[in-house]
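Engineer: What Swiss-Prot records for 473-484 is compositional bias 'Basic and acidic residues'. Positions annotated as N-linked glycosylation site by Swiss-Prot, on the basis of sequence analysis: Asn99, Asn196, Asn314. Taken from Swiss-Prot, the feature region 'Disordered' covers 457-492. The topological domain 'Cytoplasmic' annotation in Swiss-Prot covers 1-33. Look at Swiss-Prot and you will find 55-492 tagged as topological domain 'Lumenal'. Annotation comment: Swiss-Prot describes 34-54 as transmembrane segment, evidence class sequence analysis.
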Amino acid sequence: MKLSVFRLSYWNRRGSSFRSSPSLDPSFDGKSPSSVFWFVIHGLCCLISLILGFRFSHLVLFFLFSTSVTNLYTTPFLFAGNGGVSQLLRLKPLETATNSTVKKNSRVVVGRHGIRIRPWPHPNPIEVLRAHQLLVRVQKEQKSMYGVRSPRTVIVVTPTYVRTFQALHLTGVMHSLMLVPYDLVWIVVEAGGITNETASFIAKSGLKTIHLGFDQKMPNTWEDRHKLETKMRLHALRVVREKKLDGIVMFADDSNMHSMELFDEIQTVKWFGALSVGILAHSGNADELSSILKNEQGKNKEKPSMPIQGPSCNSSEKLVGWHIFNTQPYAKKTAVYIDEKAPVMPSKMEWSGFVLNSRLLWKESLDDKPAWVKDLSLLDDGYAEIESPLSLVKDPSMVEPLGSCGRRVLLWWLRVEARADSKFPPGWIIKSPLEITVPSKRTPWPDSSSELPAAAIKEAKSNSKPRVSKSKSYKEKQEPKAFDGVKVSATS
């Protein structure tokens, strides 16, 4: 009984103490400024400790788990040996214990990101060679799939003769032929007979060449030169006929310029084809040439005709005629001799704009030979009846137009020659040192004299006039002058 009374009194006292506790500190308020301030300070301290703790933990993880990498580049340098020969030495990294780690993890950490470093920055030459071989193989496969399936041999006929610009013209033609991706035979017909100069020049090409000599010498007039070049081309066709060369015959003059697409286009011809030729009427006097064109435009009140010679087609891509370069505006103003400065005009139909199948020239009769081609046995008789390539066919309308039916110009006709009496070294090869025309302190030939000839020095002195210095002339202008005893000053 006493125990239950004691417990009841204990719980009553405890409940009254809890109820009376707020009244003991009446100044306590949860919304006071001091409590808010301390709450904000507590939050800032928590946030700062969180940031510092994250950063500290990141650094600890970085130092514990990151590997130290040493990047050693092999630096090439030149070292002169005892024999005076430069040798290329390469520095190799030292064999250390960390080499194994370098091979496993070639990574340098900068900030938070890693940079991958190659052991050698330059590509492997063996891999580069394999890549080039793969590209060549791919190009060959593409040509076999999309290009000419069974290409024929290209037979090129070039008439030439020894002159000042022969090396200039033959260099361009030779390098164009060297780039042809098909089998090629180059027939060079030289006027005046075979010379060592021309033979040594065409031998540099490395092509299959047939060097023929022609007895007649090249004349000095353009009209006679066109006729002789026709005979030289027909002489080459006779060789094709006798040797039964199989392929596509094209006529490449030594001064013409050819596009590489031309050699792909002629592979499509079946028997006899024609293409457009750009005519570059050269003239040493540009003002005279422009005046001729203006006069033509003023008379006709139309634009001058395009300087192109080739086939003309209709909307159905069929040959209907020929576009010939109009030479009437240049009447009596064209060059007669080779070394004149007047414009040089082409012949009626240039041979360079035609290609033909070499089987048309064979003596043996072919079953599939077209009937519109003439009997070319006249090649054995003479050259009088043939003036242009169209003389080889009976019906010119059967000629196959090439180059998008003549709309694409794939070669250009140009005639540029030097004076007939101009001097030039044979083959443009200088065997002896040149004469010194301008003295220099250092000359490439120590044995030669560095002084000008006495006659040249006297002529230079006679032509030179004494120069008056600017300061002296200025003083003379500023000095006062006297007129009739009156002294006049230069300044007011």
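Heads up, the Cβ atoms here are built off N, Cα and C, so glycines get one too.
So that I understand the layout, could you describe where these features sit and how close they are to other parts?
Structural biologist: Listed in sequence order, the residues of the same chain lying 6 or more apart from Asn196 (N-linked glycosylation site) and placing their CB within less than 8 Å of its CB: none are present.
Around Asn314 (N-linked glycosylation site), the C-beta neighbours below 8 angstroms that are at least 6 residues distant in the chain are Val320.
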Engineer: For the topological domain 'Cytoplasmic' (1-33), what's the mean pLDDT in this predicted model?
Structural biologist: 54
Engineer: Specify the secondary structure state of Asn314 (N-linked glycosylation site) as given by DSSP, simplified to three classes.
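Structural biologist: Note: Asn314 (N-linked glycosylation site) is coil by DSSP, not helix or strand.
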